[in-house]
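What follows is one structure encoded as structure tokens, with my remarks underneath.
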């Protein structure tokens, strides 16, 4: 049973810029730059038949121009129990519209709705219990100023993940260009 999610690939040059923030945080398990992505919709564990239906349905996504995404800060999910260090993606209405279309398609296929608010980001590291809020705050305080990094998203991918916490390495099961060849 594959564990699936949809996302936008982060290009290698952007991954290289983000990888400069790896290290120096006890309790962090750093995501490999090749696995950096912006999750659009976590789907979860599905059987092979539904996986095939998802793959086919995503091919019908409305064509749109490539998206320019901007990363502007390092932040943490989890508050007093930090669990993920991430690069924040500046909110973008076109990105939100793309994510909402994925949500609609998946719900039409019977996938349970995602109850979490969409917060676009690139996970840089996963934090173990030992990475307390004080250590994370200290790590963020000593980091150099985060450079605004932008990249152009030209396609969306359907990824599969290992059945484990943190998932990676991820495999692109299918890729869908944002714009049709005629556009």
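Note that Cβ sites are derived from N, Cα and C of the backbone, with glycine treated the same way.
What TrEMBL records for this protein:
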ACT_SITE  37  active site, proton donor
ACT_SITE  121  active site, proton acceptor
MOTIF     37-40  motif 'HXTX 1'
MOTIF     121-124  motif 'HXTX 2'
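Within the same chain, residues at least six positions away from the residue listed as 'active site, proton acceptor' with a Cβ under 8 Å of its Cβ are 38, 39, 75, 86, 87, 88, 89. Per-residue pLDDT, averaged along the motif 'HXTX 2' (121-124), amounts to 97 for this model.
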